[in-house]
Ligand SMILES: NC(=O)C1=CN([C@@H]2O[C@H](COP(=O)(O)OP(=O)(O)OC[C@H]3O[C@@H](n4cnc5c(N)ncnc54)[C@H](OP(=O)(O)O)[C@@H]3O)[C@@H](O)[C@H]2O)C=CC1
Ligand SMILES: N[C@@H](CC=O)C(=O)O
Ligand code: NA
């Protein structure tokens with residue numbers, strides 16, 4: 001049987017999983033592809049480090065040139081991370097005629113367009129199924145199974161670390177710091193978890209999903225992003241008492257041909273299936289004109305789930321090599337970028353406010369709401385420590401422009417502080 005040589009750029013959580021799947025499922029993969037997939041070379045930062053993953057006889061070095069120059073390597077798997085270095089390496093690998101599979105959403109979200117162009121010019125494949133929602137095969141599904149349908153919205157939970165943290169805080173009353181630490185130990189979090197908790201990792205994934213769903217290549221500054229770093233246990237408990245669970249939700253919708261993309265803590269009604277998605281699991285809901293709502297659920301991070309997406313890409317590339325059709329872009333849908341105005345983006349909101357416990361404050365608050373033409377469906381004063389009361393309200397559907405008006409007006413009030421404003425999804 002003919003051989004396909006694989007090069008691994010990175011042998012951490014995901015890289016080790018890739019090795020394991022290629023070894024454990026070799027016979028099945030060969031039966032499907034008609035090729036024997038063999039790991040020929042590994043590049044890591046510290047080649048001398050002790051590793052549990054055993055790759056007898058496979059050279060392991062720190063110099064990318066070793067991979068670029070190795071004629072035995074046809075497909076390189078980039079599971080190293082970073083943006084600039086990975087960009088430089090992948091460009092050189094593509095120029096040298098290698099096919100590339102990557103799990104690097106940071107890179108694809110920011111530099112994907114350039115890399116796709118180089119790959120196409122060199123007639124090489126560039127695939128990145130693992131970059132969005134880890135083990136869920138969402139990108140290929142959008143390309144293949146929604147090609148004939150008009151996607152209206154793609155939304156859901158696309159970061160495993162934050163969903164794990166929120167689940168642990170909500171169910172086990174674990175502290176934020178302890179939950180983050182265990183997400184790191186379990187290998188879900190990025191090497192620097194700032195991007196996870198600040199919503200940036202989810203924003204990168206939403207940028208990639210927007211490209212696949214609407215053909216628009218957005219930049220990070222086009223996405224409204226808020227992380228979970230300011231979500232308090234009080235908010236989580238308050239939401240629960242109202243019948244909601246707080247999740248970090250990514251949302252990309254098309255409004256009159258324009259995109260609106262956001263990431264932020266959101267109150268999900270407990271009857272909504274997204275509320276039941278726990279720990280590192282992700283769920284992506286695709287709303288489309290013909291099909292309606294379709295939900296894709298599964299592990300969004302972790303060694304083997306992510307590795308399965310990587311290996312599915314390796315198999316796709318191997319099949320393309322076999323029939324001589326490499327160089328087709330992973331997603332060929334292109335559409336001019338247009339961003340929806342804030343007046344067109346609508347949602348219900350949960351507003352939590354710290355209000356000085358003196359007469360007249362509720363009146364001031366309701367006046368601001370009336371002036372902003374924003375009505376509320378629920379309002380509570382939940383506790384008072386003598387000086388300050390906590391007031392929580394859930395609005396009817398209002399536009400982002402109206403919300404901003406309310407935020408601006410509250411900001412100038414001396415006795416009322418807006419602590420959080422989160423979207424509400426029924
Ligand atoms: N973990 C997950 O659940 C998921 C991760 N991803 C993405 O997959 C990629 C890898 O993640 P993960 O496996 O968790 O990361 P790890 O930190 O576990 O592994 C990174 C690997 O890359 C190597 N590496 C790092 N820097 C360099 C460098 N400068 N030169 C050569 N090698 C280098 C490291 O070498 P050494 O071992 O010597 O330190 C290590 O083997 C990232 O892009 C991540 O965003 C995507 C989906 C899920
Ligand atoms: N850090 C990411 C890993 C997968 O992309 C996450 O937690 O989802
Ligand atoms: Na995926």
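Just so it is clear, glycine is given a Cβ too, placed from its N, Cα and C backbone atoms.
Note that TrEMBL annotation is computational and uncurated.
Per TrEMBL, active site, proton donor is recorded for 205. For residue 205 (active site, proton donor), applying a Cβ distance below 8 Å and a minimum sequence separation of six or more within one chain yields 105, 109, 131, 132, 133, 158, 159, 250.
The NADP(+) binding site annotation in TrEMBL covers 9, 10, 11, 12, 13, 14, 15, 16. Residue 11 (NADP(+) binding site) falls outside any helix or strand according to DSSP and counts as coil. Long-range neighbours of residue 11 (NADP(+) binding site) (same chain, six or more residues apart, CB within less than 8 Å of its CB): 19, 42, 44, 51, 53, 60, 79.
Per TrEMBL, NADPH binding site is recorded for 105.
All protein chains shown were included, and the count of other CB atoms within 10 Å of the CB of residue 190 (L-homoserine binding site) stands at 18. Residues annotated as L-homoserine binding site in TrEMBL: 190.
Counting only same-chain residues at least 6 apart in sequence, those with a Cβ under 8 Å from the Cβ of residue 9 (NADP(+) binding site) are 43, 64, 67, 76, 77, 78, 79, 80, 86, 89.
Spacing of residue 12 (NADP(+) binding site) relative to residue 190 (L-homoserine binding site) is 11 Å (Cα to Cα, whole number). Around residue 16 (NADP(+) binding site), the same-chain residues at least 6 positions away in sequence with a Cβ under 8 Å from its Cβ are 51, 52, 53, 303, 307. A Cβ distance below 6 Å to any atom of ligand 1 is met, among the recorded positions 12, 16, 205, by 12.
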